[in-house]
Structures are given as C-alpha cells and as structure tokens.
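The structure appears below as structure tokens.
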Amino acid sequence: MEKNIPTLEDLARLDREDPLNWTRDEFEMPTIKACGGEGEGEAIYFCGNSLGLLNKRARQHILEELDVWSTSTVTGHFKHPHNRPWKHVDAPLTPHLAKIIGAKEEEVAHSSTLTSNIHNLFMSFYRPTEKRWKIVIEKGSFPSDWYAIHSHPKLHDKVLSQEQIDNAVIGLSPREGEETLRTEDILKVLEDNKDTIAIVWLPLVQYYTGQLFDIATIAPKAHEIGALIGLDMAHGIGNVETKLNEWDVDFAVWCTYKYLNAGPAAIGGYYIKTRLDDGGRRLAGWWGNDAATRFQMSPDFQPTPGAKGYQHSCTPVLSSIPLLATLELIDKVGFPNMVAKGRQLTGTLATLLQASRYYVDAKDDQSRVGFKILTPDAPYRGTQISIAITPEGKGTMPRVFSRMIQRGVVGDERQPSVIRLSPVVLYNKFEEVGKTVQTLELALKEEEEWQKNGGDVDVKDHDIISKE
Ligand SMILES: *Cc1c(COP(=O)(O)O)cnc(C)c1O
C-alpha cells in the first residue's frame, strides 16, 4: 500500500490553499502551557470530539446576554436589544440544527441534556408489550446510554415479568478479534429477534472506536421487523453527513459541546419524526405547551405539535446562545464543504499513521511498542481516529499520552490503552496532523527506550516540534 506520504511542507501548502483555512481565526486556540505541556505557542488541540473550542463570537454572545440581563432584566424575555428574546432563544438555532441533521424544523427541539433527553424520548416511545419489549444497544456503548436504556424496562414491571426485564437488553458486540461491529451482524441480530425488539438504539458515530454506523441500511431493517430506531448523535452532529429524514430515523438525541462548540455541559437537543408525535404519551411541562397560549397559565395542557411539544422547562439561555456562533459559522462554510474537508483531514491522519513504523496491524507482533488503529476506514468514520497503544495495559498508553501532552498535543485517553485523535474541520490544520503523528512517534520511541532501560528517559530532551 504505497500511498504518497505528505511531508510537513506538503501539509503546510494544503493549509495555505485550503478555502476554509480562515475559520480557525474564529476560535480561541489554547496554549501548550495551559494544556499542561512545556514550551511556547499554541497547543495542537485534537480533542474537539470531547469538548469543542471557544468560538470568539460565542464569547461575545455570552457577554451580550450578561449585559441584557443586567440592563433589561426580566423584559429580556420579550424584548431583546440583539433580537434574541429569551422566550424564544432557540428560535434562531432550530433552522440551523434541522439543516445539518436533515430534518424538518418542527422535528427538532433544543432542550435539557443528552441523557435526560434519552429518558424523555424513551418515556414516550418505549411502549413495551408482553410480546415486543427488547432494546438493542451495543455492549460497548457510552455508559450513560447503557445505564439509561437498562432503566426503562424496569419502569414497566406491570407489563413485563422479572424474567423479561432481565432479558430486555440485547447487547451487540464485535466478532472475536475485531474492534467494530459489522452491519451484516447487526442486521442478523434484528432478524433473529424480529418478533421481540421494540427499539434499536445506536450511535451515529461511536464514541470509543470512531465507527460511523450505516444507518441507511440498518433503519429499514428495524422498520421491517416492526421496531423503532433511535440514534445517539453525540459524536455525529456537526461531524458527519446526517440525513435523519432520508434514513427514516424515528428519534435522536445529541449534545452540543462536542463538534458544535457550545461550551462545557451546554444544552442538548433531540429529533422526533413527525409520524411519531401522536399528541399523547409524554412527560409534560409548560415549555411543551403551545407557545401561543403558554403564558395564559391555563390548567389544560395543549402540546405544541412536533418535537417542541416534548420540552419541559424554559430554555437555558447562557448554555444555548454560545451555540449560535458555531451554527452560523457552519452555515457560512456550508456543511457539505465541512464534511468534505473532514474526510481529507482524517484521511491524511490515517495515511500518516498507517505509514508509521510504529503501526501495528493484525498480522504484527502485538507485544511490540506501537499502535493499532481501531477506527474503520473511510467512509465508516467521522473525523476521529482511535488508536490503541501496544503492548496494551502495562501503563504504556498513559506514558505515551503524557509525553504527547508535554509537547502540546492534546488528544484524549480512554483507559486502558486508547488515545482518540480528532482533527476538527473548523479549527485544525493539515500541518497539525503531520506534527501530531511525529509527536506520537517520538513518544513511542521514548517508550521503546524506557522499556529497554527499565524506565528512565528524560522526555524533555526531545522536542520534535521545535526541532523541525
Ligand atoms: C458525550 C456523550 C454523552 C454525554 O451525556 P450527557 O448527558 O450530555 O452528560 C452521552 N452519550 C454519548 C454517546 C456521548 O458521546
């Protein structure tokens, strides 16, 4: 597999010629020091899959809201000098969100946080019967999803026997020796349990492996067997092409602090396909009531048709409005252009990783110092590539990870052996991809020496970024 391996000069040229290279200036880039490393200058932040960076306009929006709070006080709900009355603070967000997820505006609501939204939607759409009560989820799912899903069958103990509750969750796992799920295997589980599955719950992009699921193929099968399909889009939204209507997804949730840069623990959102909203079963609150009559304070609950009818509380302004900055930026750039650049950035990362002398493939000795790649090849991934540092365990990964941090490369670690690297379209550069791989190689080289010498190498002796 001899691909053209780009040099740092090639990558710098790609950055200069990149029509989207201006968007980086919209963000506040962290310094190496602030990220825990040593040296001057900006860190290489490849952790936007976990917490997106601060958009400069988001800072401005928050300051504006503080000023409105200070000066307009309660009237800010209705009259707002920046035309964002708090009563409808989600109004400018909804059209953008609908566009990037491929849905109608009335199918989108901006509310609460991701896990609470899972509970909200499961209260409405998980309606188990004695015959059909099971939920499909990956065994390796994000723990919050796993806990949330397991809690729902227990709420139906009048309908389900204890044995049914105990068997309600079908956990999907990859084949022996494989890291990610095969679509054909998922389809087979659906077929094998076709009379008992109520809901298929999957991520759009898997948080740990970076796998992008083939929802266009899985959703029709879920419907064929009479189940609903719901998606966790935490790592998908703002990252990969998303066509909820076209794929015919029933419901979905997301957070906004990852690829949408809305800030730590910012507000989440959800999607409900129009045909699912039967006007009935839900957890109700005044914000789900029709906006036109909400302030009449009537005792009769009249839900807003569509997803917004499933909201509970007034929308948190300070954790919502930072989102506007990135949504407007995405609109300016064009989401398809972002997705295309994301493929190119991540494709470059994959090429450089696979060309590294530290790359360990399935046929190699798994006990040598190096890394495996967990993430599938394009097109089954977003911008994130997850690598597992070898030999696994033995504290190898944390040492390698901290050497990278020391030099200003910020990925994130997942014990025991995984490092996730996500070059984010809106603020990362091609050149950073090259430097990240060099830094990883250096950290691994030091690990080789460390293991050979029984553990004493002065990591500060090398600094590849200042040397090149
Ligand atoms: C980030 C993430 C969450 C976080 O849930 P919160 O309720 O926002 O804390 C949940 N599930 C997945 C898959 C995630 O990636």
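Placement of Cβ uses the backbone N, Cα and C atoms for every residue, glycine included.
Around the Cβ of Leu114 (pyridoxal 5'-phosphate binding site), the same chain contributes Ser144, Asp232, Ala234, Val253, Trp254, Cys255, Gly268, each under 8 angstroms and 6 or more positions distant in sequence. The feature pyridoxal 5'-phosphate binding site is assigned by TrEMBL to Leu114, Thr115, Phe142, Pro143, Ser144, Asp145, Asp232, His235, Tyr257, Trp286.
Positions annotated as N6-(pyridoxal phosphate)lysine by TrEMBL: Lys258. For Lys258 (N6-(pyridoxal phosphate)lysine), the same-chain residues that are 6 or more apart in sequence and have a Cβ closer than 8 Å to its Cβ are Gly48, Asn49, Ser50, Leu51, Gly52, Ala234, His235, Ile237, Gly238, Asn239. Lys258 (N6-(pyridoxal phosphate)lysine) carries neither a helix nor a strand DSSP state and counts as coil.
Proximity of the binding-site residues Ser144, Asp232, Tyr257 to ligand 1, judged by a Cβ distance under 6 angstroms to any of its atoms, singles out Ser144, Asp232 in sequence order.
Its Cβ placed at the centre, Ser144 (pyridoxal 5'-phosphate binding site) has 14 other Cβ atoms within 10 Å.
When every Cα pair among Leu114, Thr115, Phe142, Pro143, Ser144, Asp145, Asp232, His235, Tyr257, Trp286 is compared, the largest distance found for this pyridoxal 5'-phosphate site is 31 Å. A helical conformation is recorded for Leu114 (pyridoxal 5'-phosphate binding site) in the three-state DSSP classification. Neighbour list (Phe142 (pyridoxal 5'-phosphate binding site), Cβ cut-off 8 Å, at least 6 residues apart, same chain): Pro203, Tyr207, Tyr208, Asp232, Ala234. Tyr257 (pyridoxal 5'-phosphate binding site): 23 other CB atoms within 10 A of its CB, across all protein chains. Phe142 (pyridoxal 5'-phosphate binding site) falls within neither a helix nor a strand when secondary structure is assigned with DSSP, and so counts as coil.
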